Amino acid sequence: MFLSELLPPERVHVCLLLDQAWPLKGENQPSEYSPGRRGRTRLNWDHIYQLAWPIPLVTRRCDLKLPSTHAQILSRLLEPAPGPVFLLGIHLCGVLSIRAIETFNRGPKCVGFVLKPCCLPSMHYARQQVSWTLGSHTFAAAEVCCWGRYRQNRWTGPVKATLGPRFRCWAEHLHRGIPWTSKAISRVELVEGHYQDTYLFAWRPYSTEPPLPLVATPESLVAPLRDEASGLCYYPVDCLSAPCCAAQNWIEGGQTSSTNIVNIAGAVVYIGFTIWLNRWMTRVRQQYEGDADPRPPSGIHDGLNLLGIYVGICVTVFVSIAMASSTQLALPVPERNSMLAAMAFLTPVKDIFQFLEDTTTVKITLALGAGDFSSIRPIASLGVVGGLAAGTLGALLMTLLAFWPQVIEVLLTPGSAQAIGQNPGCQLLPHAEEVVQTARGLWLLTSWSWPLQFCSMVLSGILMGAREFAIYGVCSVLSQGALAAIWFRGGVQDLHLLGWATFTSNLVLCASLAVSLILHRPLRQKMGLLLRPTVVEGSMAEALRPQATTQKDVLVDGFLAMILDLALQFAGTTSVYVAAFVSLQDMYQLSSAAAALPQYSAYAVAVGYVVRLVGGALVGRRAFAEFARLMQVMIILSIMLGIISAMGIYPNKTSLAAYYSVQACEFASSQDCLNIYAGLYAEGLGKYDTTIFTTFDVFGITAMFTCIFNVAKAGLYACQDFKFMAKVSLWVLFLTFLPVLLVARFFFVSATALYVASVLPSWVLTLIFLWRLHRLSSEWFSNVTTTPLSLEVGTAG
């Protein structure tokens with residue numbers, strides 16, 4: 001209507017108004033905003049046809065989202081047009097912006113185009129894995145879609161202020177989808193804080209023929225330029241507003257092949273092992289009790305009981321793998337490094353406050369194996385109350401640090417100022433203040449999930465010790481489901497969303513475990529967890545009274561277990577921060593390897609948990625010979641899982657290295673950022689410079705050792721050998737890690753050397769732990785002591 005008043009009537013034939021809400025020609029004129037068919041709004045056209053406009057206004061009802069409508073616009077409107085056509089799209093929501101650009105790209109006689117995008121496309125397209133191609137530009141719906149909608153004029157969805165980066169990405173993709181060189185993108189902030197501020201403009205010469213179709217070909221890519229200093233090529237494209245590069249098919253294919261080998265082969269081996277373990281435990285139970293009925297206090301059938309834990313473990317393994325891969329690919333390089341820096345600091349701090357929970361589960365299974373039910377109540381009470389108190393204290397301390405600017409900037413962005421100084425013109429590097437603002441939510445939410453985590457560890461130990469596997473499996477599925485649902489369908493995938501997903505997952509697990517125990521009176525009665533407990537103890541429990549576990553034992557052993565974890569975490573944390581102050585690319589190499597590791601050690605972690613439960617029960621009832629046999633099988637199984645991981649990694653290591661660093665390709669878009677890109681991928685720039693491909697050579701060995709270490713460590717936990725583990729971990733830290741770190745930093749000065757320094761303590765401890773288990777097993781085989789006693793703990797899966 002404004003254009004009808006502003007434009008010269010002698011040069012404009014007609015203004016066509018296209019909308020689905022217009023009535024069809026010949027229908028009765030509807031009242032203003034009256035509901036039409038299916039409750040859709042119907043527009044009143046009185047102001048169109050009952051007023052005399054200088055340029056005629058004509059309405060046309062059409063559903064612009066339909067492909068058939070697009071064909072009709074071309075054949076019935078554009079082709080018969082008497083002259084040049086100008087397309088104007090105002091506040092086009094979602095895919096309507098796609099349809100408008102398609103019309104301009106393909107339609108004859110189109111000379112001008114103006115587009116004001118509005119709402120982001122819905123998650124419907126992302127769930128269907130839709131990709132859109134405009135001209136020679138293709139992009140995935142998952143990059144730009146967002147959940148949320150207006151209900152009764154109220155927005156239900158993510159906080160709108162968080163959608164700005166995603167909307168700019170959407171607008172940039174639309175702009176690239178216009179293949180004509182005469183185009184522009186402009187941002188005009190009409191309302192302060194409002195992110196929908198982008199306008200697109202394009203124009204092209206008049207032609208009565210439709211343009212030739214464009215397809216994405218290698219020739220349509222940006223031509224590379226050569227950097228004379230390094231001899232490397234870079235591609236001058238804008239990566240600030242939207243992703244500008246992606247992995248090729250061979251990279252994704254190699255990563256898929258690698259994970260398929262590990263997941264399928266690992267699942268076959270693990271399921272075969274659990275079948276054997278269940279039958280073996282039945283024979284052990286018959287030998288010592290004369291009773292092979294493994295039913296838990298709830299009375300659920302053993303088959304269904306085991307099925308529950310199988311499902312729970314499988315869901316946990318696959319969600320952890322999916323999350324590790326998704327966070328690496330969804331988060332930008334600086335955010336990924338900030339997450340690594342945050343976790344590198346928070347994890348060892350959590351281990352300090354978690355010292356009670358590490359030993360509580362083993363102590364509970366030990367007491368169950370010994371038939372000493374009277375010890376369970378004080379151990380569980382200490383674990384729950386102490387865990388909540390320690391977790392809250394740790395969270396308060398981390399909250400204080402989060403709002404201490406000088407400290408939090410160093411913790412979350414180590415080496416940020418140095419990286420900017422090394423690459424002064426690189427606009428892709430955010431400043432420390434920006435990263436802190438982005439990552440503070442993850443820091444706080446992760447910290448305040450500690451009390452929930454600590455409490456859940458104790459509650460799960462009680463359920464698993466009582467063989468209530470199905471209940472634990474259901475709780476695990478609920479927790480992992482909440483984690484995956486929030487991360488994959490919760491909106492913009494950033495560190496803030498990751499923090500909420502983690503916190504909610506821990507809240508669901510803790511709440512479901514607590515409710516299960518509260519409602520499970522037979523279990524609480526058996527373990528003396530009622531308000532007025534009545535515990536019936538066996539004769540063996542009375543005989544073991546002088547050796548019964550006390551709260552002091554839990555505290556001392558928990559402190560010793562904390563020393564082991566701190567030694568390992570200190571090695572990883574120190575290496576990360578040293579790498580960060582060397583260069584951004586060195587830190588990113590360590591972060592890529594750390595992100596990939598959970599995929600190749602997940603089954604070994606599950607096996608280690610089984611060892612703590614079953615092994616603790618066997619040691620508690622002094623079935624040492626059976627424990628030694630169990631550990632022989634477990635170590636062989638861990639070696640098999642390690643070999644499977646290596647088989648999945650080494651044939652595809654080049655693809656894996658590229659896959660987990662794919663977002664770093666954006667640094668090849670600018671000559672000023674090329675030093676970072678070269679530090680990841682280019683060889684021969686220095687005497688000891690190493691690329692991410694060299695780091696992944698070492699990663700395969702690390703995955704093997706990690707599988708074995710998890711099981712060996714769990715075996716010594718079951719043996720209550722905490723003093724030995726604490727002592728040897730300190731010796732390894734001072735005699736192995738620190739010298740190697742100094743050599744890596746000041747002699748080799750490479751990311752691969754720093755990565756070796758970070759993982760070498762776990763390699764050495766693996767060998768030492770295996771030797772210790774062999775020595776204990778030899779002693780137990782020669783001094784076998786067995787006593788008839790109720791064996792309360794069976795296989796955990």
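Cβ coordinates come from backbone N, Cα and C, glycine included.
Since this is a predicted model, take the numbers as computed values, not measurements.
What TrEMBL lists as transmembrane segment is 261-278 (among others). Sequence-distant contacts of the transmembrane segment (261-278) (same chain, six or more residues past either end, CB-CB distance under 8 Å): 306, 310, 314, 318, 321, 599-600, 602-603, 606-607, 610, 614, 633, 637, 640-641, 644-645, 647-648, 794-795, 797.
Note on the transmembrane segment (304-324): residues 259, 263, 267, 271, 274, 278, 294-296, 467-477, 480-481, 483-484, 487, 595-599, 602-603, 606, 795-797 of its chain, located 6 or more positions outside it, place their CB under 8 angstroms from a CB of the stretch. Annotated transmembrane segment per TrEMBL: 304-324 (among others), in sequence order.
Away from its own ends, the transmembrane segment (379-404) comes close to residues 346, 349-350, 352-357, 360, 363-364, 367, 411, 440, 443-444, 447-448, 450-455, 457-459, 461-462, 527, 529, 549, 551, 554-555 of its chain (Cβ-Cβ under 8 Å, at least six residues beyond either end). If you look up TrEMBL, you'll see 379-404 (among others) marked as transmembrane segment.
Look at TrEMBL and you will find 469-488 (among others) tagged as transmembrane segment.
Annotation comment: TrEMBL describes 500-519 (among others) as transmembrane segment.
Summarising the annotation, TrEMBL assigns transmembrane segment to 554-580 (among others). Below 8 angstroms of C-beta separation, residues 337, 340-341, 344-345, 347-348, 351-352, 354-360, 363, 379, 382-383, 414-415, 586-587, 589-591, 594, 713, 717, 720, 722-723, 725-726, 729-730, 732-733, 737, 741, 745, 751, 754-755, 757-762, 765 of the same chain, each at least six residues beyond the ends of the transmembrane segment (554-580), sit close to that stretch.
If you look at the transmembrane segment (600-619), the same-chain residues 6 or more away from its ends with a CB under 8 A from one of its CBs are 262, 266-267, 269-270, 273, 277, 281, 284, 313, 316-317, 320-321, 361-362, 365-366, 368-369, 464-465, 626-627, 630-631, 634, 637-638, 641-642, 645, 648-649, 703, 706-708, 710-711, 713-715, 717-720, 791-797. Summarising the annotation, TrEMBL assigns transmembrane segment to 600-619 (among others).
The feature transmembrane segment is assigned by TrEMBL to 631-650 (among others).
Sequence annotations record features per position, and here TrEMBL assigns transmembrane segment to 692-712 (among others).
The transmembrane segment annotation in TrEMBL covers 724-748 (among others).
TrEMBL lists 754-773 (among others) with the feature transmembrane segment.
By the Cβ criterion (under 8 Å, sequence separation of 6 or more), the transmembrane segment (754-773) is not in contact with the transmembrane segment (500-519), since fewer than 3 such pairs are found.
Below 8 A, the CB atoms of the transmembrane segment (500-519) and the transmembrane segment (692-712) form no more than two pairs separated by six or more positions in the chain, fewer than 3 in all.
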